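Following: one structure in structure tokens, then a few remarks.
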Amino acid sequence: MQREAVTVWNRCLQVIQENIPDQSFRTWFEPIVPLRLNGSELTIQVPSQFFYEWLEENYVHLLRKALNFAIGHHGQLQYSIIVDKGDEGSKPLTVNVPTTKSPQTAKPDNVDADILKSPFEMKDLDSLQLDSYLNPAYTFDNFIEGDCNRLGRSAGFAIAQNPGTTAFNPLMIYGGVGLGKTHLVQAVGNYIKNNNQDKFVLYVSSEKFTNQFINAIRTDSLRDFMSFYMQVDVLIIDDVQFWAGKEKTQETFFHIFNHLHGAKKQIIMTSDRAPRDLQGMQDRLQSRFKQGLTADLQQPDLETRTAIIQKKLQSEGIFIENNVIEYLAHSINTNVRELEGVIVSLMAQASLNRREIDLDLARNTLRNIVVDSEKEVTIDTVQDVVADHFKVTVADLKSKSRKKEAVFPRQIAMFLAKEQTELSLKSIGYHFGGRDHSTVIHAIQTISDLVSNNPQARETVEKLKSTLK
Ligand SMILES: Nc1ncnc2c1ncn2[C@@H]1O[C@H](COP(=O)(O)OP(=O)(O)OP(=O)(O)O)[C@@H](O)[C@H]1O
């Protein structure tokens, strides 16, 4: 490793770390080794072909940004890939592969396109018009429909086919983090853009809108700003809750909204909460938000989670056994982003360790993610802790055995799983050898009664809970 390369790469990492979640940073950037710096060309070593492709596919913009910062605009990146020679059994080789895609043509990564930092000018408007910030990866085809999102998806699809002329104007999609709001509204935008070349579709985050507005005031170009927005045919604004308390932004948007709505132009918005709960939002704007259709996105149910995992694997060209898919779908029920995060980590682990994605790997990956981010307890941890305490095996907990030594720990584990995780009764039953939910209810009831009446049982449960913390 060359010292200059390390220094430059550390500067790149500063930028990278600021722009992506910790988990992605650890997975995709920590394993990289800076090898050498040759003039303005930095060579980094990556653990596999898959790794390299993933970086190019998902982080090419971020790498460009990091290179600009660390080396300058002329900075170049060279990958050195460790190649697995497989059956030939020889030691891994290192080959040099130049960056194949230019940052301009590759798919956008997860980093927000730069907010207009320079003074607001008409040329910025032109660039906005060309780009429109839509990510082509978000489509209806890869948006899985389920009870959790049916209303929003159907309304979105109806709008995509007839923008501005349905009763769903505006369409307000709301829901918690990572449930697909951005994906859905961008799918509408992409569909319209692809099928109506003449329509001007603009996707913008509410934060970016506010920044543009502030710049417009600063540079005395508010008129340009307003007339730009009034030319839009389909305006998609993400995360409007950000406008809470921003009176001037709200006022300006109110005028744009009225103009577009009156001209039968389509407006689509997302928010992390229902319009009625948007505190700090002017009443007149709130009532406009509710004028069309408001649809919420809920946490996906088991079937939808399974379909999302299948679709994601299919799009990555990866095959894993059904039992692993089932395990993942039963184990992660928070939101889709987390589900995707686990799949990506699994792929990275499989690639790094050169092994298949099996149940063991899934179990370990899930445990590490949960431990790393200090999140809630997993069902695997509950089973391990209970098995350890009662000196039985996890297999005993999952078995059909009716022996007392297995039944009592199993019931305690089910009780704790219900109390300490977010899993449904159905998923808990799945993790205990495929039992049905009535068995889980019975176990929970039995242990609740025992805890109320028997101090020793209460003490055991408390002790187990503190071990889980
Ligand atoms: N129904 C779905 N089918 C397929 N992928 C989905 C679905 N819902 C969400 N996703 C994926 O989950 C990830 C998170 O979704 P998205 O960013 O749209 O969530 P969000 O609700 O906008 O979150 P936030 O409030 O944090 O911005 C994305 O990669 C998206 O493609």
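Every residue gets a Cβ built from N, Cα and C, even glycine.
Heads up, TrEMBL stuff is auto-annotated, nobody curated it.
Database features, via TrEMBL:
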REGION    1-100  region 'Domain I, interacts with DnaA modulators'
DOMAIN    167-293  domain 'AAA+ ATPase'
BINDING   G178, G180, K181, T182  ATP binding site
REGION    351-469  region 'Domain IV, binds dsDNA'
DOMAIN    378-447  domain 'Chromosomal replication initiator DnaA C-terminal'
I want the residues beyond G178, G180, K181, T182 whose C-beta is within 8 angstroms of the mean position of the ATP site's C-beta atoms, in chain order. G175, V177, L179, H183, L184, T270, L297, V336, R337
If you draw a 10 Å sphere on the Cβ of T182 (ATP binding site), how many other Cβ atoms land inside? 18
Which same-chain residues, if any, lie at least 6 apart from K181 (ATP binding site) yet have Cβ under 8 Å of it: I173, Y174, G175, D238, T270, D272, L297
List, in sequence order, the same-chain residues at least six positions removed whose CB sits under 8 Å from that of G178 (ATP binding site)? T334, N335, V336, R337, E338
Across all the protein chains here, work out how many other Cβ atoms are within 10 Å of the Cβ of G180 (ATP binding site). 24
What are the DSSP helix, strand and coil residue counts for the region 'Domain I, interacts with DnaA modulators' (1-100)? 48 helix, 26 strand, 26 coil
Composition by DSSP (helix, strand, coil) of residues within the region 'Domain IV, binds dsDNA' (351-469): 89 helix, 0 strand, 30 coil
